[in-house]
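Participant: Below is the structure I would like to discuss, written out as structure tokens.
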Amino acid sequence: MRRKILISVIVTVLFALIIITASFVLLSNFQNIREAKDELKNINLIISKFDDINKEGLNDIKVKDIPVRFTFIDKNGNVLYDTEVDNLDNHSDRKEIKDVLENEEGSAVRYSQTLNTDLIYSAKKLNDDIIVRSSIPVNMIEVFQKENYKYYLAIIIVVMIITMVLSLNLIKMIIDPVKKLENVTGKMVNGDHRIRVKINSNDELGILGKNFNDIADQLQIKINEVVEKQTRIESILRSMESGVIAVDNNDIVIAINPYSEKVFGIKKNIIGEPLVDYITDYDINKFLTEEEMDKEIKILYPIERNLKIKKANIINGIEKIGKVITIQDITDLKKLELMRTQFVANVSHELKTPLTSIKGFAETLRYVQDEETRGKFLDIIDKESERLSRLINDILVLANIESNVAFQRDEFLPGVVIEDVINMVKKIAYNKGIVLEYNDDNQELIVGDADRFFQLVLNLVENSVKYSEKNSYVKIISYSKNGYYYLEVSDNGIGIPSEDLPRIFERFYRVDKSRKKGGTGLGLAIVKHIVKTFNGDIIVESELGKGTKFIVKIKYI
Ligand code: ADP
């Protein structure tokens with residue numbers, strides 16, 4: 001750019017110089033030749049006034065300091081005398097002589113073969129027989145003398161140097177802001193959108209810089225908007241508890257959220273890659289190509305899961321540009337469904353056993369006459385109906401808790417409720433020879449349904465009494481620590497085998513049905529649910545033959 005401008009300026013200046021100089025030289029030469037002609041004409045006139053001409057004296061006559069050549073010619077063109085050359089040929093064909101013969105006077109500027117140079121001629125009739133012709137060489141009067149070339153060259157060099165200095169200055173003035181713009185645009189291309197141009201002039205470049213900054217500002221606002229939208233969409237996708245995958249028409253991934261990556265065990269960024277390379281499940285790949293828009297699928301990798309998959313077309317205006325697939329993990333839902341059916345089956349089964357027993361003994365009773373046997377049968381019927389009633393009661397309590405019916409939000413001191421439980425259980429414990437120890441260090445109130453808390457403590461304490469042999473102890477400790485209220489119910493009873501520990505909170509789960517303690521298997525399931533309604537947690541520690549400890553942890557107010 002800089003070189004181009006410099007060359008154009010120099011060429012323009014050089015061209016202008018040549019044109020101006022040429023015109024000046026041409027005009028000056030024209031002027032000089034005319035003046036020389038006039039002077040030669042005057043000299044001819046003066047000579048014509050003399051009768052006798054001193055040939056020696058002619059050598060001293062000069063025009064513009066140039067000695068004049070004189071030629072005397074007769075009317076037939078014969079050269080009578082020439083101040084510079086002897087024996088000249090006939091001159092009747094010379095233009096100036098022809099003019100004189102016609103008009104008394106003549107002039108010409110032409111090449112002289114005699115002197116091998118251009119001459120200015122002026123001729124005049126002296127009398128009827130003789131013509132005087134005066135001449136001087138053209139090159140002697142031309143402005144552009146050979147010996148002056150060096151001065152002209154020097155002037156041109158000086159002018160060119162000045163031109164270059166001024167041009168460089170001008171170029172700097174133009175190029176510097178352009179360079180700044182180029183620099184800034186380059187940085188913007190590389191991602192620095194905050195950079196702006198600093199051009200303070202009020203000329204076109206200043207306006208260009210200002211417009212550029214305005215465009216950059218607008219661009220920045222638009223980029224910010226787009227980035228913000230993008231971030232919002234990304235954070236929504238990231239925090240979604242469902243999977244979202246978008247693919248183009250060739251099933252190349254254009255977006256995928258972390259939930260989908262987790263579900264399908266994808267550990268790298270697969271945007272821009274074919275989805276089928278990373279989800280190899282046959283059912284899913286089939287679903288992608290078939291018409292069906294939603295389906296329940298079971299996958300085995302990375303872990304077994306039940307998924308509900310839906311797909312929808314992504315339409316851009318009128319054109320379909322891909323598909324969006326949403327994935328919902330319904331494994332828990334399926335489990336729950338299974339649990340419900342199992343629960344119904346379990347309930348039916350659990351109710352059926354005492355009922356069958358009651359029915360059987362009642363029918364047989366008709367035919368039993370023996371008082372003692374009748375008494376035994378009636379005892380069994382009584383025990384079984386008791387069990388039936390307990391079962392129904394526990395099922396109702398559980399159903400009530402599970403149905404999420406709004407429960408009381410009492411603020412109460414747990415110790416008060418625990419004391420009620422102890423009062424209720426102490427007789428059975430006493431009968432079994434079990435010592436009930438109670439230690440209460442807690443002063444904090446907890447929030448929740450106090451009746452349910454009563455049920456919770458009762459189930460735990462009853463279990464401890466139930467699953468402990470004679471002459472053992474049941475310890476109840478109540479305390480608070482680091483914002484939490486703790487209730488510990490421990491015993492040195494029969495304990496729970498470690499393989500059963502994870503399942504004891506399940507409904508109808510009994511460790512060993514042969515324990516024959518008459519339990520329903522629902523007590524701990526109820527406890528677990530009640531703890532949940534208090535936003536608390538329960539853990540169990542137990543060793544077979546040594547004892548069991550339940551720890552309930554609830555945040556206090
Ligand atoms: P159940 O009505 O049979 O007592 P639970 O749900 O209350 O049902 O308890 C589940 C199982 O956990 C019981 O069958 C019992 O074997 C075991 N269990 C509960 N508490 C204790 C305990 N304190 N000591 C030993 N085993 C216990």
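Placed from the backbone N, Cα and C atoms, the Cβ positions cover glycine too.
Curation plays no part in TrEMBL annotations; they are all automatic predictions.
In case it's useful when we look at the structure, here is the feature table from TrEMBL:
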type	residues	note
DOMAIN	172-224	domain 'HAMP'
DOMAIN	229-269	domain 'PAS'
DOMAIN	346-557	domain 'Histidine kinase'
TRANSMEM	6-27	transmembrane segment
TRANSMEM	151-171	transmembrane segment
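Are these features on the surface or tucked inside, and what are their neighbours?
Facilitator: Taken together, the residues in the domain 'PAS' (229-269) have a mean pLDDT of 93 on the 0 to 100 scale.
Same-chain neighbours of the transmembrane segment (151-171): 2, 5-6, 9-10, 13-14, 17, 21, 144, counting only residues six or more beyond its ends whose CB sits under 8 Å from a CB of the stretch.
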Participant: In terms of Cβ proximity under 8 Å, which residues at least six beyond the ends of the domain 'PAS' (229-269) contact it?
Facilitator: 275-276, 278-279, 281, 288, 299, 301-302, 305, 307, 314, 320-329
